[in-house]
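According to TrEMBL, the feature region 'Disordered' maps to 1-37. The domain 'Nucleoporin POM152 N-terminal transmembrane' feature in TrEMBL is assigned to 66-150. Here TrEMBL flags 203-314 as domain 'Nucleoporin POM152 first Ig-like'. Residues annotated as domain 'Nucleoporin POM152 Ig-like' in TrEMBL: 457-557, 762-846. What TrEMBL lists as domain 'Nucleoporin POM152 immunoglobulin-like' is 561-663, 874-964. Per TrEMBL, domain 'Nucleoporin POM152 ninth Ig-like' is recorded for 1074-1152.
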Amino acid sequence: MEGTPRLRSAYPATPSRSQRQHRSGGSNGLSRSGRMIRREVRDISELDKKPLPPPDEPYIPESLIEAPTQRLYAFTIWVALWSWKIYDFSNLQESEEQSLWLFMKWVAIDGLWLFGLPSLRIPWLEWSSATIVLLFCAHAVANALMMFRVSIPIGAGFALVGRSLWGAYELAVNEHRVNPRTIEFNESLILGRQIIHILPEGSAVLNAHGAAFCLDSSRPEAKLPITINSTNPILMEIQRVDLGTSANETLTISKSQIKRMHKEASRLTTYSDKPNEPKTLYYTVRKPGVYSLSKVIDESNLEVARKRRGQTVVVPCPKASLLQAKADRCKGELSSVELQVTGTPPLRAKYRRMVNHQVQESTFESIQPDDFSSPFGKTDTLVKISQKIEVDWVRPRQLTVPISESLGTTGRWVYSLSEVIDGLGNKVEYTDHDHEYSERHLSKAPHLHQSIAVHERPLISLRGCSGQNPLKVAKGRSTELPVEFGSSGREAMPDGTYYIDYVFTPVKDQKGTPGQSNRFTIKSGESNPTVAEAGMYTITGISTEFCPGEVLEPAACLIENPPEPQLKVTAEEIFDKCAGSSIGLRVDLDLIGTPPFDVQYQMTRKGERYHTSAIERIHGMRGQIELTPREAGEYTYDFVEVSDAVYKAQRISGQRLTQNVKPAASASISASHPKVACIDEAAQFDVSLHGEGPFTLDYELIHNGKREEFRMKNQTSPRVQIDTPTLHDGGEYILALKSITDGMGCSEFLQEQSRLYVRHQKPKVGFGQLEGKRAIDTLEDKNVELPLRLVGEGPWTIKYADPTGQEHTVQATQPNHRIRVDKAGTYQLLEVHDSVCPGIVDTPAQNFDINWITRPTVRISDLPERSGHTYSKSDICEGEDDSAEVLFTGTPPFQLSYTQHTKLDRGAIAPKKRSLRASLHSASLRMDTAQSGLYTYHLDSLEDSNYDHNAKHFSPLKITQRVNARPSASFLHPGKSYSYCTDEASGEEVIPIQLYGQPPFTLELEIRHHQLGRPELIRIPNIPSTEHEIRIPHSRLQLGRSSLSLRRVSDSNGCSRLLDSATSRVQISVHDAPTITPFDTKSEYCVGERINFALSGTAPFNIFYTFQNSERKAVAKGATFRRLAEKPGVLTITAIADAASNCEAKVNISRVIHGMPSVRVSHGREGYVDLHEGGETEILFEFAGTPPFEFVYTRSGNTERGGKKGAVLDMRQEVSEGEILRVKAGLEGTYEVVAIRDRYCAYAKPGVVVGWGEGRKRVAG
């Protein structure tokens, strides 16, 4: 059915399978009707980059089930789900649990359906994620409203929307609703208006608005406007003066040309077909010149007046260009850009200057020759000049204006032309397109912008070198000249090429011979210029590719070649004073070169296969070193290299020294750091001996200012051990070596010493106290941290025994360590050892005791225990307070958790978890008596301040109690009103009631008369059944309303209930006949007014009346009967009845409704009259209604262009005795009536306020 016609509002047709599979392919560009269809095809490269994936196929192929059928199935499932949902809603009971369950159920079902539907990929049902979430939220809100029975004032909402859109409708006397606004503001009561137009005098003007015209390649012609008013010309003559030759030329416009000009002008919206309205015709010219309108002939062959005769100038359009200048400049130079403008002076040119993306606009005003004189300063317009035609000042001129600005900022400066305006006001704006065209056609098009690159000036100076601080370079080597580049601005110089001019003066020619000029060329990133020859280098200039720079001081550098370093070595032996043998060499070093010097030598011992190298730093030209090896032997010293500040690693040869050394005896202690020893123990020291043995070593032990000397004899080993005596005092000891004597008997003084620290006490361990004692009461099976007090230096190793006698070892790093235990009993410390010494156990703090705290218990007081920890309480009535006394043992506060199981007489309720918190050893367990049934309380768990609940140590308890339901009573028809009229016969009113509970019942009633303040009580005992009829004799009632309510009911269980009199109540009314009374005394009304009556009786009321010979019946739900007078006629009230009784009161009240007056101007239409100055016409007014007529009309300005209504110019108020009135008028404007009044009624247009009776003028018809 692809060709089936569809309405515009119909849902679009299902896309076919072939269309969805081949949406972009297989088309030959023709539609089914054979018309060509244009499709926009993107570039092939774009299609390659971003291929369009084909749409997904439906999950169920369309070959099995078509797409419309799939949508129908989906819609059917959705309708079925909503039917099921409405069924659940209809069976919903007032239960929070049921409402919550149904709400969660339908939220889950709707979520599965809505979020699973897109996976089927059914066409038109493939919604976006946002749409799915929105639909899910809407369904969730609907589920909440339905399942929780949330009432929505739908009717009130629709009424509010309808009232805001269509107004508040009211009942009319015809008993149907009408909008009061359509009656109060009836526009058909005042129709028509008269428009009078005063014709203007005929005229013709060339270029009435003084527009400027110019011609160029983009504007090859100009259309000169000729404005004609109240005339139809057949011939026009225009005079042209040539700008170049000043020759006159007359241009004649024939009648046929004028006709074509009318036809072209009629296409414009400003053109009017009315003959007397101004029209603007356009005459096309293609030559520059001064044009003036010389003659205009109309249809009557008379010459038409030419107002404000003057000239219209058509000139070549102004133009401007920038003469090309040098593109690269230096900072501080002038821009020197020239602006060339061509056009009629005085000219004005606007250009933009952009410096590093910061744009600033500038304007050249009054660009003209020095001897130029223009009539513009003598007249008040640019194009209307004197009668005498002079064209010299109009001729275009070519002028050049320099733009000379200081280029104070480096970067890119761009001068760009924006617009040029000539002296006549012709403006030429240069757009981005014009600038692009000028850039592409530099040889043909004028240059519209000039770009200048402003560069920084370079700076150069020398760093670390001058004539007084020469740069020393080794002979035959080159070095970089230490030049430093800079910039004259804040920013660094960009990468580029530098040209450095310098003068070189050799060292031998520095006394007067001029130097040699030369130039270095280097690029950014390259190394500095390299020099090798000694002499003075003086920088004379610096420049880049664009700008010269400045040379800063120091600008001269002296290069020197110092002599190579040389070494001369002389030596003498160093002899021992005792033995007289050589112990070393004292070497003198004489150097030549540039200090400091590094002298490298090698030391070789005879018999060894390796040598030792050493370097000595000499800061002057001479130096001395001592070579004294510690071990005896023959040594050779070879000096191999020497370096100075300029020359490095210069090899030397022939400098060798040899010596045979026998060193003096010496000793040293091997340990370099102080030792630590335990008190009451000895210490050991290792000592190394040097020289020729055997040795005798003298040493001493110093402590507390006392010295104890010791001697070791005949020691032949190079290493010996010194053992100190047992150290009984703690503190610092010093072991000092005094002297050593070798085998030759030579004694040497020694200064070696070592420190020894002896601990003042032994390590000690003991238990700390918790709350002032070494015992604690704690919870069963809870870990306890026992505090330790340790003396010594950590870490410590402690051994202790638990209450079972098992030994444990722990490591401690802190002196206040804690050990974690979990058993009750006594813990004992056994031994301790710190990082150095063994320790002792503090006997008074050797033991620590741990005791368990007892667990809590619970029992029920004053209740008999039946069996198995079950207690029973006596029955109680529903709603009465009751409790059970619970006793606890343990540590308060207590937390008792219990489960309340309830077996209700009607319905069911889930078990409830509750808890009881007691601050003392007793508490009251409040019993639940809210509903009748059997209650069982299971005491499940018990906690106190020390113990959480533990099922192993707690025996559950149970308490049972029966709650009897309270009796109740209600009227079978609560809220019903039992009523009768006062003229009815007396009798008894029978009111049925229903009772609930265990018979027999006792019932108390309350009768309250509205006229009396004190109620009357009635007691009915021994009601044997649950159904009963109450009989109230009329003698107990009074005229008016009385209320009967159930006060109290009790049954045989001893339970009673005080009933709510507000809900269990019926009304008994004794009524008089109803009445109807008018609100006001007037008997005549106008259409649109409201007729009001006051009603007395019991609502709702039935009002019977006649209108326009038809009998009608109305219902009033309040104490007021109100109707809108929609049509004229007579309204007569005949009878009234209320809802309290069937009595009907006969009345006869009549009201007359008059129609609204109306008026028509110019037969109810819009009349248009054209008048000449001084003419008059008649305005016709036609009235309908009851004379006399009083009306108000206005004269306002005619409607302006654009539909804007003219202002009110005059307002008049007049009276007519007849139904037709003619008024003469000769002033221009729009005449219309704004208010009308007849004998009974009046009407005014919205927004018009009229003071009727003031200044009225009675006019005969």
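One-based numbering along the chain as shown.
From the backbone N, Cα and C atoms, a Cβ is placed for every residue, glycine too.
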- Item | DSSP helix/strand/coil residue counts for the domain 'Nucleoporin POM152 N-terminal transmembrane' (66-150) | 68 helix, 0 strand, 17 coil
- DSSP tally for the domain 'Nucleoporin POM152 Ig-like' (762-846), helix/strand/coil in that order, comes to 3 helix, 46 strand, 36 coil
- Residues in the domain 'Nucleoporin POM152 first Ig-like' (203-314) grouped by DSSP into helix, strand and remaining coil: 11 helix, 52 strand, 49 coil
- Using DSSP three-state counts, the residues of the domain 'Nucleoporin POM152 immunoglobulin-like' (561-663) come to 0 helix, 63 strand, 40 coil
- Query: When DSSP states are grouped into helix, strand and coil, how many residues of the domain 'Nucleoporin POM152 Ig-like' (457-557) land in each?
  - Reply: 3 helix, 48 strand, 50 coil
